[in-house]
Amino acid sequence: MAKEIKYGSEARAALGAGVDKLANTVRVTLGPKGRNVVLDKSYGAPLITNDGVTIAKEVELEDAFENMGAQLVKEVATKTNDVAGDGTTTATVLTQAMVQEGMKNLEAGANPIVLRRGMKKATDKAVEALKDMSQKVKGKEQIAKVAAISAGDEEVGNLVADAMEKVTNDGVITIEESKTMQTELDLVEGMQFDRGYLSAYMCTDMDKMEAVLDDPYILITDKKISNIQDILPLLEKIVQAGARLLIIAEDVEGEALTTLIVNKLRGTFNVVAVKAPGYGDRRKAMLEDIAILTGGQVISSDLGLELKDTTIDMLGRAKSVKVQKENTVIVDGAGDKDAIAGRVSQIRGQIDETTSEFDKEKLQERLAKMAGGVAVIRVGAATETEMKEAKLRMEDALNATRAAVEEGIIAGGGSAYIHASKKVAELVDTLEGDEKTGAKVILKALEAPLYYIAANAGLEGAVIINKVKESAPGTGFNAATEEYVDMVDNGILDPVKVTRSALQNATSVASTLLTTESAVATIKEDTPAMPAGAGAGMGMM
């Protein structure tokens, strides 16, 4: 396939045009008075959103060289989203500013490699300044503010803060679409896993179709139970004690299941059987989690234990167990606190070591069930279009709060970059030649987020930047009220992780793009149209 090649300033100009087209589309969403972008979908209703990475992913340009530039910016947005979960629009705006400023200097004869070195030094200095300005998140109120700024909605902020407070940092918060118009928060206390009763005859409440066992014994095994004789001695002891039993096994089938159901219906004893959660090695780990949480033992051949030898003191205990068609929740397990703490730190260690995102997610879920809890935010809206937009904003808010808890917060609204630029200006004075020019590129780019926040509010960015520069650290411009205020006191906060990641990723891509001297793209070949009448005449067969 034939290729087209462009060199020097022509190649850079084409890439720069692609960067501008994508960045100009995304930057209209920045700030409290930012607008939305409507995205055409190949099926269903268009998507209306202000989420930078969602917009960036949709942009494909016709010109191959311009498209390469756009794809590079898309990488900045995606990488920032992966690391921090928010700040994608800021990262895009920073990249555009760096590319525009850098290209001017290259045309004036700057050396791109030395320029890049200066950009890297200035970025490191700015990141250091951002970290120095950071403060730890204090209380639920600040968490709510971080979420509200990210989503542009106070109600969302309060909901996310409630969820974070209830499940703690180890908990898992998931976001789902609601069946109603209301947005609500559901909290699952205790250990929940997605397996339900093996037979509806085991229900204790036929109206709700669920089985509730108070203070039950819990048999945990990775074996199949098909012969009732295997667990008969144990069942007799349970009946004598007048207790209830939850069986968690690989499966309960045949004669064993029939006998359990018949005795349940006769009222001989109250028993519920569920399948073990997970598969393979993950199943073994989850059964071990349940055993530690309830103070029982996993009856497994791996440990040399057989069902027929099981005694009552090998069983777990819990305050209550609720079993539905597809879920089981164990509340207040009777496990030893030290053993549970040991298991939690073991899972944390595995999370730190694993490189697989999938494994990390599953381990995080296990950690939440052991230590925190699981909260589900169900997002409701009048139409599907509004619901999808609200769900994206909710996800951004959740990611922003997690980032804030992790690395702390700083003044929001682009003002942190302005105050960090004072440190970069000091560095610029110590550099020489094109390194100095590279550092100045970053110095100029740090003004871009505040400039566009002001521009989207219909104000003159340059004037506002100068006023913020002259003010005390922590002071910034509140574009919603058009006032200069102490940003942290007024709840206009950004997570350091988001601010830092956006700057580092923008510099990484922009400095690499500026070192480009030639670009190669595939020439699109027009596919000839099918001649008229081709395919006709088949009826003659």
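Keep in mind that glycine also has a Cβ here, set from the backbone N, Cα and C atoms.
Values in this document were obtained by computation on a predicted structure and should not be read as measured data.
The record from Swiss-Prot ties Thr29, Leu30, Gly31, Pro32, Asp86, Gly87, Thr88, Thr89, Thr90, Gly413, Asn478, Ala479, Ala480 to ATP, and of the options Asp20, Asp429, Asp494 it ties Asp494 to that site too. Candidate binding-site residues: Gly31, Asp86, Thr88, Thr90, Asn478. Fewest other C-beta atoms within 10 angstroms, Asn478. In the three-state DSSP scheme, Asn478 (ATP binding site) is classed as strand. Looking only at other Cβ atoms within 10 Å, the busiest spot among the binding-site residues Thr29, Ala480 turns out to be Thr29.
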